[in-house]
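Okay, so here's the structure we're looking at.
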Ligand SMILES: NC(=O)C1=CN([C@@H]2O[C@H](COP(=O)(O)OP(=O)(O)OC[C@H]3O[C@@H](n4cnc5c(N)ncnc54)[C@H](OP(=O)(O)O)[C@@H]3O)[C@@H](O)[C@H]2O)[C@H](O)CC1
Ligand SMILES: [K+]
């Protein structure tokens with residue numbers, strides 16, 4: 001699905017009201033009903049205790065007032081706190097009028113903020129997507145007060161003080177929510193590590209925004225879920241044979257890191273490739289032939305590291321990097337590969353570090369190559385990022401300059417494309433932050449490129465299936481017990497879900 005800016009969200013609002021011939025108040029009621037439904041499914045009135053609803057002067061505050069009314073009607077115990085302001089939005093005012101007189105309400109005063117009980121349930125409806133500057137005055141004092149109280153904060157739409165799609169100054173006050181219930185679509189701010197402590201968990205609830213508007217909205221930001229990938233993974237042909245599914249070459253491993261080669265190889269084999277050849281230093285031969293008998297081993301003359309590029313003619317894609325180290329002769333192998341390769345390339349790990357250390361090498365990178373750095377490797381390829389938003393700018397610029405696709409790994413891994421789109425992945429879990437997880441991704445990607453999938457589809461599917469396999473694996477192992485090889489065990493089911501999710 002698309003990710004919209006705050007300005008586009010306002011347009012989506014207006015389009016919905018126009019198209020569905022409803023009032024803005026009715027749309028607010030939908031949003032408040034969706035939020036309240038989410039909360040009531042998780043907290044009974046007894047579990048919730050007294051719910052404190054903090055409302056700002058705009059429509060986020062209007063949502064808060066409507067939520068307070070709905071909770072009150074459902075027998076929850078509610079207290080409303082109002083931020084003083086010169087102007088309140090019309091829908092705020094309408095919902096203030098609709099709030100039953102029996103619901104206590106207090107206007108906030110920075111000098112006399114309410115005492116917040118330990119574990120109090122707080123609804124943050126101070127500011128939403130209309131935030132136009134960092135919080136100051138009473139709003140800032142309230143946010144600091146609630147953050148200090150460590151209340152159980154549930155934010156409506158977005159934590160107050162956080163911009164939906166731009167960084168805020170480092171010292172700007174922002175509400176620390178445990179949950180943020182977003183409306184209709186995720187926001188860019190939810191996907192960046194620097195905001196994790198503010199956003200918490202972020203369910204998204206539908207509010208029936210115009211599907212026509214969402215379909216045509218010009219956005220280069222996407223959140224990749226299973227529905228987004230429907231139809232991108234070709235079904236295997238009844239009369240297909242191993243030649244139909246490509247022949248991948250993996251250049252991987254060095255003494256002490258043959259495991260990286262093995263992990264990439266096993267993942268490649270589990271991602272539908274027809275044939276796989278693995279080029280490791282000679283010390284990897286026995287291990288590879290024993291642990292991955294389905295792969296062909298083509299060992300390098302050097303016993304400890306890669307020193308010669310094999311003939312590339314038989315292969316339909318080449319993956320290089322897992323565990324290769326940075327020996328000078330390995331750098332020569334990479335250089336020759338970049339010069340000679342006529343087939344799709346996937347570059348990871350030390351192949352990226354070698355690239356980052358030599359701008360001359362980077363200049364040789366063939367168009368449509370797929371790179372899979374983690375943030376530190378990416379910085380070596382570009383420059384240090386000021387913050388997560390700046391890192392995305394660097395990602396866009398890098399992909400554009402080199403005509404390549406980059407999967408920036410992390411929670412919500414982000415795929416950058418040469419034309420400026422950014423695709424955030426929805427699958428995966430912190431258990432996957434473990435050695436060898438990246439080698440598995442390289443294997444998956446190389447398999448998909450070997451099967452002739454275009455770079456965009458290959459990268460989207462690899463990113464998603466890798467994360468999904470990690471999620472399925474963690475059901476068995478738990479996150480702490482997850483090792484990279486477990487991800488590989490579940491690649492099959494992850495791909496199967498993507499093929500069968502297609503409707504007739
Ligand atoms: N489509 C949807 O998702 C729907 C969202 N809804 C809810 O509406 C809010 C957005 O409401 P909006 O009124 O646009 O914005 P806010 O509630 O965030 O508040 C805007 C007002 O606050 C002023 N403002 C902005 N920044 C500050 C600040 N730092 N300090 C003080 N005051 C501030 C702003 O004034 P300006 O000075 O900027 O002109 C506005 O007066 C969305 O998040 C959802 O919760 C709808 O309910 C349904 C559809
Ligand atoms: K809010």
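Note that Cβ sites are derived from N, Cα and C of the backbone, with glycine treated the same way.
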Checklist entry - TrEMBL has 409, 410, 411, 412, 413 binding AMP. Which one of 431, 435, 436, 438 is in the same site? => result 438
Checklist entry - Say TrEMBL lists 60, 160 as binding K(+): which of 91, 119, 124 is in the same site, per that record? => result 124
Checklist outcome for this item: Cβ density check for residue 410 (AMP binding site), other Cβ within 10 Å (all protein chains) comes to 18
Checklist outcome for this item: residue 59 ((6S)-NADPHX binding site) sits from residue 412 (AMP binding site) (Cα to Cα, rounded, in Å) at a distance of 29
Checklist outcome for this item: In chain order, residues whose C-beta lies under 8 angstroms from the C-beta of residue 157 ((6S)-NADPHX binding site), counting only those at least six residues away in the same chain, are 31, 60, 63, 128, 129, 180, 181, 182, 183
Checklist entry - Cα within 10 Å of residue 374 ((6S)-NADPHX binding site): which of the binding-site residues 124, 160, 409, 410, 413, 438 qualify? => result 409, 410, 413, 438
Checklist entry - What is the nearest of the binding-site residues 59, 62, 124, 132, 160 to residue 411 (AMP binding site), using the Cα of each? => result 160
